[in-house]
Ligand SMILES: Nc1ncnc2c1ncn2[C@@H]1O[C@H](COP(=O)(O)OP(=O)(O)OP(=O)(O)O)[C@@H](O)[C@H]1O
Ligand SMILES: [Mg+2]
């Protein structure tokens, strides 16, 4: 049932449906009555000015925040109260706006950690490191090496992440998310603070992930050029409300969006 | 032979995932074990074995336990000595109350009892962190020592909680000489250190470090925080518990709850600070340092500084040096001796062309 969209991507059924989501922190309304959906294989962007509620939206999707109102349907099932680690086992991975790597660990270990939900051996087996535990560790190491090759970071595998420059840290964080082989990947400003070259690399990786692994991607980004280039559909938030939703062209021409966001330099 | 990776190309991930990927490290560990097991018993005096090597190994094990919790999982604890006490008293009860209890099983029982108590006192870690958690473990420290002193049941009604370890027999062999005790302790500590090394390089260890470094991200990746923290408390306390049992059975012979007081907890904490937080080897280095330092200072004072220092200073020299070193390591090298060693090795790996 997949159709080709204007970017030549095979976009499938709706896999994530958010209905009337409202989220408050005490008196602060972070999100008010927001509905939108995400279709399989698409790249869905969320844009909006600072404080619009974009990161909160991602946090709702992967169970870090629990909205007071609204329904979330993922893969056809309505979600009950869910903790982040359950979202992870359901195939949702993400990166953070402020890099959230494990500072004391090497690149390799950070990315290995991304596969934790897939590792089944108990601590006793691991303490003995015989048979199954060893096999498991090696099998996952191979998967992780694929991710490392894909992101072209072979040369820094053993480096503690704290010593890496910002751009590479962002890439390692993407690697950690990819290692989980997610069906839905949430990226919170993956290109923020990067130079042009690093941004191009990151764009390429995102498109390749989408293309080669068929991963559905929800992406927050401030760089309008990037958003218009790579996304299939865009949601626009402002002060916690949805003010636009559609293809990049629709959004670009939406008067409310122009006045709230595109027209305002920041 | 130079300390070098050159020429050791790893052709498989299996080779790269070995416990000690660099050949020289494997050889060094092997050598240390051989020397410890074969040479030391032949050359070391009884005093060295009884008063230095055995306590060194036991403290290493306790420091290893604390390092799992604090260094790897990032949960600060001031209750290590109390968990040792639980291990010692539980082992004593298993031995005393169950006819024909094998002593190794009693040690395991001591460790498991400590693990259970560790989980209980680890529960606050699900809510609080850092300083406040340290205070909660401090409560554990005081409560456990108090309970062991107060309730005669724990010491099988011996006076004021003093317990005297039963003799150790394994398969009919009596461990009553210092050398036999030393070898027993060495075996237990080596096996448990190896197990710890395996854990910290597997997914359990990565989960601990992930929780330590960034708990929100850890949870988003799929790590169950509660499970991970409590497992760290359990395993850490297990190690401390076994160390406590050995402390009673292989080192002191007779102990009272007060022997496991806050001072001892701090001593173990200092070991990991000086040795290296988050390092298996650091636990051993730190223990060696803290066991040897007082002896070294005593010799120094007696042989070289007699009369030079007023007694008020020489009797407190140990504390002053300790304090100074702790401050030095906290400020200058928070990863301790193990990190200094690592830096040395890295330099050596590249020597003589540092660039
Ligand atoms: N944990 C929290 N506790 C209290 N308020 C919060 C919390 N998280 C977000 N908020 C509030 O919710 C609103 C939306 O924040 P959010 O981080 O989602 O915005 P954003 O669109 O990601 O902004 P930016 O572009 O700056 O990243 C803000 O007013 C913020 O202060
Ligand atoms: Mg944000």
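Residue positions begin at 1 at the first shown residue.
Just so it is clear, glycine is given a Cβ too, placed from its N, Cα and C backbone atoms.
These features come from TrEMBL:
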TRANSMEM  B:27-45  transmembrane segment
TRANSMEM  B:51-69  transmembrane segment
TRANSMEM  B:76-95  transmembrane segment
TRANSMEM  B:101-123  transmembrane segment
TRANSMEM  B:130-149  transmembrane segment
TRANSMEM  B:179-196  transmembrane segment
TRANSMEM  B:230-248  transmembrane segment
TRANSMEM  B:268-301  transmembrane segment
TRANSMEM  B:313-332  transmembrane segment
Interface present between the transmembrane segment (B:27-45) and the transmembrane segment (B:179-196) (three or more C-beta pairs under 8 A): yes
Segment proximity, the transmembrane segment (B:313-332) to the transmembrane segment (B:230-248), 3 or more C-beta pairs under 8 Å: no
Chain residues outside the transmembrane segment (B:76-95) and at least six past its termini with a C-beta under 8 angstroms from it: 62, 65-66, 69-70, 101, 103, 105-107, 109-114, 117-118, 121, 130-131, 133-134, 137-138, 140-141, 143-145, 148, 154-156, 163, 165-166, 236-237, 240-245, 247-249, 255, 257, 259-269
Contact between the transmembrane segment (B:268-301) and the transmembrane segment (B:313-332) (3 or more Cβ pairs under 8 Å, separation 6+): yes
Close approaches to the transmembrane segment (B:313-332) from elsewhere in its chain (Cβ under 8 angstroms; 6 or more beyond its ends): 270, 273-274, 293-294, 297, 301, 305
